[in-house]
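Asks: Sharing a structure with you now.
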Amino acid sequence: MTVTMAGARAARVCVLLTVLVTVTSGSLDDQAHRGRARSDARDYGGAPEAEENPAFWNNMAGRSIQDALRIQRNHNTNVAKNVVLFLGDGMGAVSVTSARILKGQKAGNPGEETMLAMDTLPHMAHSKTYNIDAQTPDSGATGTAFLCGVKARFATIGVDGRALLEDCNSTKGREVQSVLAWAEMAGKSTGIVTTTRVTHATPAAAYAHTAYREWEVDSVLSDAAVQDGCKDISAQLVDDNPGIEVVLGGGRVMFHNGTDPEYPDDPGSNGVRADGRHLMEEWLDGKTSARYVWNGTDFRTVNPQTTDYLLGLFEPSHMKYMTDREDSPIEEPTLVEMTRTAIQILQKNENGFFLLVEGGRIDHGHHDGKAVKAINEAVEFDDAIQVAKDLLNLDESLIVVTADHAHTVSLGGWDTSRGNPLFGKLDPDFFLEGVGVAVPDGKPYTAIQYGTGPGHNITASRQDITNVDTGNPDYLQQTAVPMASESHGAEDVAIFAGGPMAHLFHGVHEQNYIAHVMKYAACLGEYAEDCDREERVASGSARRRFSTAVVLLSILLQLAWF
């Protein structure tokens, strides 16, 4: 008995000494111990060999605990010089998981074990996405929440909840300022990068105030809106926000009324302004070191070091899906390219910058019922996050990644063996006693499906997809309820964050909280006066010292117990 007790005590001493060394020796290299499957384990019908050993999982969990302790001891309380908000439009939990698997499979791995760039940000929370008058939200009101700090009514932008849908007069005096606007007022550079029209709901929430998100151009304003003096979103961008240094995306039709330079033979691509204004030229007026580009060739000639203002409108409407692009030097820029150039231009400002980056076509792929397109957009979006992580120092730059809302997409089903191709088919005859039953109609199905959307087969029986290429970008996932366009989802979405004050994302938050954390981190808006950098840093240092002291005291008390 005595020997046993002595051995147990000795073991505890060893554990405590190990913890003591960890506490006092600083941080571990968090890149070196990310859990990975063996690169040579490609048996997609089973588990990678390394993962069969319990030590693999135990060691990974132990390292993750040490990571968590390190993060807890070293919260970054610096003032955020730079803030980058990555917004995956429609990127709910299923989209994130699917992107993770697809990214891994593109690299030749099973996929499930992959770490996305957003996954490596140390802090995570959930965001409640409802609008004040809608359980399932739209992107205008959600944009108002995470950019302007207040929740609002469905399909309104940049106005508070007193403003009514399509009621121009109701917006007067109810305008709310975005984080981008506050950054401008603080002397920071600002930018917007999106794969949608730059006047679409999410980017518009950074600079516009309107009772209806569809009022992107003057020709669609209601008669009442015109009479009451409301201005279209594209005119607001040019007239009221001349200080935004970088604007990149699609939407040329909203800025002129002439023939499109890229598609001169397509009348549907022509500009649709009714006032005859050419807003691209007006945007350039009065600016030095400014460029307007509309194609990939010209974009790639932009020198960020000699360019202070950049407007890029690369399609008449939204930019192309990644799956529809050609591998060509003249192809329009990717989200990765636009993000890199934007950061390189904006970071020249010694006061820092605010940048909004939207992966907007994730949402559109889901609306189209085409998961292949949507998830490939999500992978590109994650690649853009990695660019920001590579270019910026997280000691002084806050990176926040989130979504405005989710979709009715699901991922699962029996016979989804490890490494199952994300867009492949599942065996309808799979049966496991007490767990799963075979599909009664005997037809295969895909792991990704939609609750609503255009993929519903209204015939008497479900479509047999045995000979259908479900990996084709234009394949319509099967759907439970027929709709011309798949609908949004109402569930919470994730928030990933790293950098100054990222630890403030810690639980389940209202969506408007996101804007307040960004403002607080960067000392903007209502948080500018009570944001003392020295006091904040001193407070963080004191808290870290106290945390370390508590851990050391606990260890000493336990050692004394022996």
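Cβ coordinates come from backbone N, Cα and C, glycine included.
Below are the features listed in TrEMBL for this protein:
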SIGNAL    1-26  signal peptide
REGION    29-51  region 'Disordered'
COMPBIAS  30-43  compositional bias 'Basic and acidic residues'
BINDING   D89, D363, H367, D404, H405, H488  Zn(2+) binding site
BINDING   D89, H200, T202, E358  Mg(2+) binding site
ACT_SITE  S139  active site, phosphoserine intermediate
Asks: What's the CA to CA span in angstrom from E358 (Mg(2+) binding site) over to H367 (Zn(2+) binding site)?
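Replies: One finds 17 Å between the Cα atoms of these residues.
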Asks: Could you give the Cα-Cα distance between T202 (Mg(2+) binding site) and the residue listed as 'active site, phosphoserine intermediate', in whole Å?
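Replies: About 6 Å separates the two Cα atoms.
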Asks: Apart from D89, H200, T202, E358, which residues in this chain have a Cβ no more than 8 Å from the mean position of the Cβ atoms of those residues at the Mg(2+) site?
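Replies: In sequence order, the nearby non-listed residues are L87, S139, G143, T194, T195, T196, A201, P203, G359, G360, D363, D404.
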Asks: Can you figure out which of S139, D363, H367, D404, H405 (the recorded positions) comes closest in space to H200 (Mg(2+) binding site), comparing Cα atoms?
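Replies: It is S139, whose Cα lies nearest.
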Asks: In Å, rounded, how far does the Cα of D89 (Zn(2+) binding site) sit from the Cα of S139 (active site, phosphoserine intermediate)?
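Replies: Cα to Cα, D89 (Zn(2+) binding site) and S139 (active site, phosphoserine intermediate) are separated by 8 Å.
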